[in-house]
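Q: Dumping what TrEMBL says about this protein:
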type: TRANSMEM; residues: 28-50; note: transmembrane segment
type: TRANSMEM; residues: 232-252; note: transmembrane segment
type: TRANSMEM; residues: 259-277; note: transmembrane segment
type: TRANSMEM; residues: 315-336; note: transmembrane segment
type: TRANSMEM; residues: 357-380; note: transmembrane segment
type: TRANSMEM; residues: 453-480; note: transmembrane segment
type: TRANSMEM; residues: 501-523; note: transmembrane segment
type: TRANSMEM; residues: 535-552; note: transmembrane segment
type: TRANSMEM; residues: 601-623; note: transmembrane segment
type: TRANSMEM; residues: 635-654; note: transmembrane segment
type: COMPBIAS; residues: 698-714; note: compositional bias 'Basic residues'
type: REGION; residues: 698-722; note: region 'Disordered'
Amino acid sequence: MTELQGREPHKFDPTFRGPVHNRGCTDVLCCVIFVIVILGYIVLGTVAWMHGDARKVVYPTDSYGQFCGQQGTPNANKAILFYFNILQCANPTVLINLQCPTTQLCVSKCPDRFATYIDMQLNYRRNKSYWDYYKQFCKPSFNNPDKSVSLVLQDEDCPSMIVPSRPFLQRCFPDFITRNGTLTVANKTSFKDGHGKTRSVVDLRDAANGITSLLDAKEVGVKIFEDYASSWFWILIGLVISMLVSLIFILLLRFTAGVLFWMVIFGVIVAVGYGIWHCYWEYSSLKGKPSSDITISDIGFQTDFRVYLQLTQTWLIFMISLAVIEAIIILVLIFLRNRVRIAIALLKEGSKAIGCLMSTLFYPIITFLLLALCIAYWAVTAVFLASSGDAVYKVMSTRPDCKYTNLTCDPKTFSQSNVTKLCPASQCTFAFYGGESLYHRYIFVLQLCNLLVFLWLVNFTIALGQCTLAGAFASYYWALRKPEDIPPSPLASSFGRALRYHTGSLAFGALILSIVQFIRIILEYLDHKLKGAHNAFTRFLLCCLKCCFWCLEHFIKFMNRNAYIMISIYGKNFCASARDAFFLLMRNVMRVAVLDKVTDFLLFLGKLLISGSVGVLAFFFFTRQIPVIQEEVPSLNYYWVPLLTVIFGSYMIAHGFFNVYAMCVDTLFLCFLLDLEKNDGSATRPYYMASSLRAILNKKNKRPEEKKKRRKQKKEQPNKRH
């Protein structure tokens, strides 16, 4: 094994017969680090679970840091948050983040009528029920309806007013209804604010800006849910059809790949040719007309593009540009025709390989489940980290000149502090969860670690899938007689080899990619924070860094993919495999470019074809335009809901199938290049490539019978001389 690893990939290795089975563990140090990191990640999740409290995310929190609706507490039956004076809330973001500078209280239901504390006090003397209703929106400890209005409002024992509301996001928001274009609440356009003023409903709308659209969105959401409930069976049928069509498309590529490619290329050549003729016709028509010979530089920049179309120079530029494009396409096809034929032959061979290894098409399900597990663990850990700590209270004031705003405070002693005297309208309200311990000080760092390890696990899962599929398809290629020589259970064997021997190598490649992605995320965060900055140099530098790291990420993805293929074949470590793959590809750079573009083009065409055809079928079905099954179509609020679901789902299913196919083609391509460099077609070193590829390259495998015949002829020649 050590001797095999030491050889250069371009030198002939007489012992090489496809994927190496007698392997050793690679990148052991990285494997150990990866296992330790996973164990540490489990510890991090456990610590976050011990310190965090998901209820802080699930339940709203009142001004005293108590959860609304939490079982086993006085608020068990009070699941909705009520704002004493919603007019002091600036916007819905403030409301949802519990940063509204007014007292917030847990209640069992939202108010269903307009009322003020002053009116309640006047009516209370005649009817006690007024107080019984109003007090459910006051502080639980307050039960003195005879207390003067000024003191009640100063101490915020009760709200100055209540307005008809309904719960949204477990919070009470005004029940806005638009009637004949007029905004109303409970059929009223104005109300009393409890301070002796009459306010417009528009003031409520401004205070809860955006809530009406959110409420409308909720109603739309209910209708969408109803559509899914009534059409899920037909959506499922559409997705099954797209899966079958994707499978058939891949299997038929062995017959249609060449036809599809050449038809589209011919169509492009004809389209560009027509464009050249049309430009020439426009140029000839305008030639000789007054003012048509003015140059573009003379008229300068014009917002109306039609002005340029009246100039002969414009059409001349178009004609020359299209002619250059046409010439490039034709020259590329002439000089690279053999490479294009090789690319098409490999695509056909990939279709045959998948036909022999049908189980590979369902491996993405394993990848999907592992990715879902990683995402779920990361999300839960992030939530528990974010909800770690004790309640932190801050001073909230409606007065802009209050210097104590946003400073931490203690709600128990706040009423006796100087803040209430210097800022009379201020409140000590719950802000967020935090703490001063070592753990709480490094919550942000732990969130970054959570993100980095999450990226590492995701990229490792993808790498494991790529290496597994590459090993299976390499077993297909290096079988001299297909399918007789293909080893049993190639996919399972490849999966076992990848996990047993190459976990460290896969983790190494995944770590490099994860670090680059992590840096990109930080750059995106900095870019978001600096959007309002006026420093042009900083913005330019950040833009350049984002561009560079985007290119680096895509290059690393490309190299990792090919390195995993080499790992699956040779069993070397990551660096050696990446080096071998890189130099192998560089020695065949034109073949790489042609194959990459031809493959991407045909697979993209296939995705559009499948999602488009299934989408058209779904459109005719859900719009009742298929007479045979009109009665089977469910009644829908929005027919586009199941239609878009089917189109998107079809595209994703085709994408999953074609990813396997693309991995197959890439693996066969690298095996093909190795085959060309290592073998010469003799009986001891036969070519493993398909006969169609040998025909394109004018390569032949010499049969053992021919070799024996030649040896016999050589022996007979000396006898004839004697």
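Using the three backbone atoms N, Cα and C, a Cβ is placed for every residue, glycine included.
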Q: Using a Cβ cut-off of under 8 Å, list the residues of the same chain at least 6 residues beyond the transmembrane segment (28-50) that approach it.
A: 377, 380-381, 384-385, 388, 439, 446, 449-450, 453, 456-457, 460, 503-505, 507-508, 511, 574
Q: Among 232-252, 453-480, 501-523, 535-552, 601-623, which stretch has the highest count of C-beta pairs below 8 Å with the transmembrane segment (259-277)?
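A: Maximum Cβ contact count belongs to 601-623.
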Q: Counting Cβ pairs closer than 8 Å, which of 453-480, 501-523, 535-552, 601-623 has the most of them with the transmembrane segment (232-252)?
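A: Per the Cβ under 8 Å count, 601-623.
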